[in-house]
Amino acid sequence: MDKLADLNYTLSVVTLMNDTLHSIIQDPGMAYFPYVASVLTVLFALHKASIPTMKMALKTSKCSYKVIKYCIVPIINTLFKLAGFQEPITTKDEIEQPMDGIVKEIRRPLEMIDKLTTPEIEQVELLKSLHDHLITRPVDVIDMSKEFNQKNIKTLDEWDSGKNPYEPSEVTASM
């Protein structure tokens with residue numbers, strides 16, 4: 001860890017790598033040299049930064065999946081960017097975060113629609129029950145078995161004189 005934080009050590013290793021590359025490749029006009037040097041520099045920096053970070057992460061989290069998820073994925077993304085790939089590797093959390101936001105945005109109007117339509121649905125049900133109660137039923141359907149005074153009802157044929165005694169007759173009054 002001490003050597004990781006030591007800037008002079010890191011710069012001396014980078015200088016050593018550059019000197020080694022210059023000694024291997026004698027042609028100073030080589031077109032790919034800056035790219036090779038930058039890749040080697042990035043690989044060295046990743047090596048020096050990632051190994052102690054992963055060791056600390058493994059000790060603290062006690063879960064190798066999280067270490068891979070949060071340490072290895074950015075390293076692989078960096079290497080892919082150096083190789084020229086545009087699309088980075090994403091973790092599941094990075095994908096689920098926007099999806100959760102989308103689901104929340106969809107759920108909010110649905111809840112509002114539910115709040116607005118509940119009273120209307122109740123009103124429609126009330127109107128339906130009122131309509132059912134107010135419908136006039138045909139006479140044939142009326143159930144007369146529940147009438148309590150059916151025994152006292154007589155038809156015109158059943159009266160003794162054949163005349164209804166309850167019909168008003170002509171009344172003459174004196175003046």
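In case you wondered, yes, glycine gets a Cβ from its N, Cα and C as well.
Within the same chain, no residue at least six positions away from Glu120 (Ca(2+) binding site) has a Cβ under 8 Å of its Cβ. Annotation source Swiss-Prot lists Ca(2+) binding site at Glu120, Gln123.
Summarising the annotation, Swiss-Prot assigns N-linked glycosylation site to Asn8 (among others) and lists sequence analysis as the type of evidence.
The C-beta environment of Asn18 (N-linked glycosylation site), restricted to residues of the same chain at least 6 apart in sequence and closer than 8 Å, consists of Ala37. Under the three-state DSSP scheme, Asn18 (N-linked glycosylation site) falls in the helix class. Annotated N-linked glycosylation site per Swiss-Prot: Asn18 (among others), in sequence order.
Residues or ranges marked as topological domain 'Lumenal' in Swiss-Prot: 1-28.
Under the heading topological domain 'Cytoplasmic', Swiss-Prot lists 52-175, citing sequence analysis as support.
Annotation comment: Swiss-Prot describes 29-51 as transmembrane segment.
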